[in-house]
Amino acid sequence: MKTPKTSLIDFAVNRSKWVAFGLLAIMVFFAMFFPNMTMDTDPENMLEPTEPVRVFHNAAKKRFDLSDTIVVGVIKDNDPHGVFNPRTLAHVFELTRFAKTLRYEDPKHPGKTTGVIEVDMVAPSMVDHMRQAGPGTIAFEWLMRRPPTTEAEALAVRDKALSNPLLVGQMVSADGKALCLYLPLTDKLLSYDVYTALREKIREFGDAEDWHIAGLPVAEGAIGVEMFSEMVIASPLAMVLIFGMLYAMFRRWSMVILPMLIATATVVATLGAMIALGLPVHILSSMLPIFLMSISICDAIHVLSEFFDVYTAEKGRKESIKEVMNTLFMPMFYTSLTTAAGFFSFVTTDIPPARVFGAFVGVGVMFAWIITILFVPAYIMLLPERTLRDFGMAAHRGGRDSWLTRLLHRLGEIACQRSKVVLAVFLACTALSVWGMSQIAINDNYAKRFAVGHPIREADTALNRHFGGTYTASLVLDAKKGEEVFKRPDVLNYMAAMQTWLERNRYIGKSTSLADIVRKVHQELVDGRPENYRIPPTEGAVAECVMQYQQSHKPHDIWHFVTPEFDSANIFMQFQSGDSTRTEAAVKAIQSYIENNKPPVALSCQFAGLHYINYIFQGKMFWGMLGSLAGSYIIVLVMMTVLFRSVAWGFLCMIPMTLTIMFMYGALGFLGLDYDMPVAVLGAISLGIAVDFAIHFLERSRQITSQTGSWEKAAPRMFGEPARAISRNVIIIAFGFLPMLVAALVPYKTTGILLFSILIISGVVTLVLLPALLTVGRRWFFRARRFSTQGDAGASHDRPALVTVGIGAAKGGAADDAGRE
C-alpha cells in the first residue's frame, strides 16, 4: 500500500521532467516580481508606528521643530592654532555654502524640494556672536561673515567662538583644534545622498586637514545602503566556496550543482513572494538569502552524501535514490519543521521586520524541504547514466580510507571508549559557559557596525574625542498646560543644575537648553564677564533675556528649546558614545536625579531622539528574541517528544541545540562582545542547525539499532555514512561562510564567525557528546522491547558488550559502510 511519502518519491522519480519544469516555472514566476523590490532602510521601522516612544519622538520633533542632523567635522592637530587659520576657515566657509545647495526634488510633493535645512544650519558663518553694545543692550553679528584673510582675523573668530559656552563642545572644541558643522535634514533617509555629496566636495580640499562626517542618521543610512551592497558581494562569494567544497567532496560537477540550484530556487521564490505581497526589504531582510542558503543546502547535502555512499551501478540510480529518499524523508521533514518553527516564533515579537523575516525564512525552509524531496530525485533521474560512472563509495571499494572517515572513526572511539571523560569535559565547558553568559552586555552601537578603518567609524572616534558628542537625544520637561513655568528663575536654575550634574558625572558629553541661552544673554546684558553667566533673579529679567535673543539673526532658534507657551522645555543632550548602555545609564541617572531632587514645580519628563529610540529597540529586541527563542525551544521539544515518542529522547535531541547556544553566548561573554541584533537573530539559526544534526544522528541511531539489535553493534555503522553526512554539512557550510569575514560591515563579519562557530559546535556536540550519552545510558535509551531484532535482542541486552570493541572490531568489516570515500 502506498503512503504519501512513497507517492511523493515515486512521482519525483517517474515524472522528473514535470518536476523540473514546475520548479523552473515557479522560479520564473517569482523572479518577475524582483523589479518591484523596494528597500526600507529606516531603523525607526524596527518599532511599530504606534509604539509610544516613536509616537512621542515624532510629536517632540514637531513641537520643537527638531530635525535629524549630519555632523561634519574638521580637525587640525598639527597646527598650533588648530583649525583657526585662513586656509581651513576658507574651506569651512566654502563647504557651508555648498551644503546649502544640497536640495533634491521631493518625490512625495512635486514642485517642492527636500534636503539640508539652511535656516537651522550651525556653522561659523551661520551663528551669531553676542556682545554688549551698551548698558542693557546686546549686539548680534555673524561670527564669521566672510573667510578671514589673515592669521589675526582667524584667531579673532576663535576667541569669539570660545567666549560662547553654547558653542564650546558643540561647534568648536575647547582647544580650538576642531570645528563642526551641523546640517539638519528634512528627512533622515537623505543622509546617505548628502554624505556622498559632502565627501566628493571635501576631496577638493586636499589633505591639509582631517575631515570627518558623522551623526546617527549617517551611520543608519550607510548601514542601510551598504548592507544591501555587501549582500550582493558576500552571498555569491559564499556560494562559490560552497560549490568548490562540494566538488572536493563528491567529484562530480553535475552533482554539486544540485545544492546550489536548491539554494537559488529557495531564495528566489521566498524573496519573490515577499516582494509580491508588497513588503519592503528591510535591513534585517537583507540577511534572508544568507540564512536560507545555509539552511536549504543542508538536506541536499544529506541526500547527496547518502546517495554517494549507497549508489552502485548494479543497483542503479532509480533504486538507489528511492532507498535514500525513503531513509531520509522523515528525518528531513522533522528537521525542516523544527527549523521553521524556530523562525516562525519571530512572529510573536514586537519588531515588525523581525516578524516578516521570521515568517518568510520559515516558509523558505519548508519550501526548500519540498524542493529537496521532489527535485533531487527528479534531477538524478534526468542525468545521463554515464555521468554516474565511477561515482560513489563503491567505485573506491578496497582503497584507503579518506581522512574524514579515519577522523570519524577516531571520534567514535573517543566518544564511546571515554564516554565518562567526554561527559565531564562537556559539563565543565557548560559551567564555564554559564559564567560567560552572565557577563554578556545587551548593547548596540551603529558606529561599531562598521569595520575598524571605515570612514564613518573613524569619524565617530575622532569627533567624539574633541566634542560633546555626535549622538543626540532630547529630555522633554512638561509642566501643567498653560503655566509659563519655564520663565521662572528657580525652574531654569533647576535645569541648569541637572545639566551640570549630568556633564560632571560624564553621563552625557554636553547639553543645551533655554537655561543656557538665558545665562549667556544675561552675561552680555550685564558686562560680559564670566561670573555673570547665570540665571537672572526675576521672571521679568528672564523674559527680557528671551526678548533680546529674539533680536538675533536666528530668533526662531529659541523655539527648539521651549514652546511659545513656556510650559514645555527641551534639554538637548549630546553623547560621546553610541553605546545603548551609555544611554541607559543616562536615562536612569536623570530619573534618579529628579526623584532625589524634586523640581520647584511638578514636572514630567520623557525622552526623544534617534539615540533614545535605539536604546528602547535594544530592550525590545532582547526580550522579544529571548521570548521567541524560549517559545520555539518548547515547541521543538514537544515536536521531538512526539517524533521519538519519548520524553527522554526529546530532551536528548535538544542537548546539541542547548549547548550550542550556551557555548556561543558564553564565548561572547568571555570575549567581552555585545549582545546585539545579529547575535539575537543567529540564536534562531543555531536552534535549527543543531536540531537538524541531532535529529539525523538520533533517528539513524534508532533505525540502525533496531536493525542490529544493540547500540554496541550500531555504533560503528553510525560513524560511517550518517556521521559522514553530518560532518560534510558541518565542513561545507561552516567554511563556506567564512568569505563573509571580508565584508566591510561588522554584522556580516559577525554572521560569518557565528555561523562557523554554530556549525562547528553543534557538529562536535552531535558527533561526540550524543554517542557518549547513548553509551552511558544505553540500557535506558535502548530498551529491548523497542530496539531489537529477532533472535538476539535479549542477548544483546542481557550480555552488554563494550562499545569500544564494536568500534574497533568493526573497522575492517564495516568498510563498505564507512571506509570508502
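Cβ coordinates come from backbone N, Cα and C, glycine included.
The domain 'SSD' annotation in TrEMBL covers 252-382. Positions annotated as transmembrane segment by TrEMBL: 18-37, 231-250, 257-281, 287-308, 328-347, 359-383, 421-442, 621-644, 651-673, 679-698, 726-746, 752-776.
Relative to the transmembrane segment (421-442), the listed stretch 752-776 leads the set 18-37, 287-308, 726-746, 752-776 in CB pairs under 8 A. Under DSSP, the residues of the domain 'SSD' (252-382) split into helix, strand and coil as follows: 115 helix, 2 strand, 14 coil. For the domain 'SSD' (252-382), the model's average pLDDT works out to 87.
The stretch from 231-250, 287-308, 651-673, 726-746, 752-776 that makes the most Cβ contacts under 8 Å with the transmembrane segment (257-281) is 287-308. At the 8 Å Cβ cutoff, the transmembrane segment (752-776) and the transmembrane segment (328-347) share fewer than 3 close pairs (sequence separation 6 or more) and do not count as touching. Ranked by the number of CB pairs under 8 Å to the transmembrane segment (726-746), the listed stretches 18-37, 231-250, 287-308, 328-347, 651-673 are led by 231-250.
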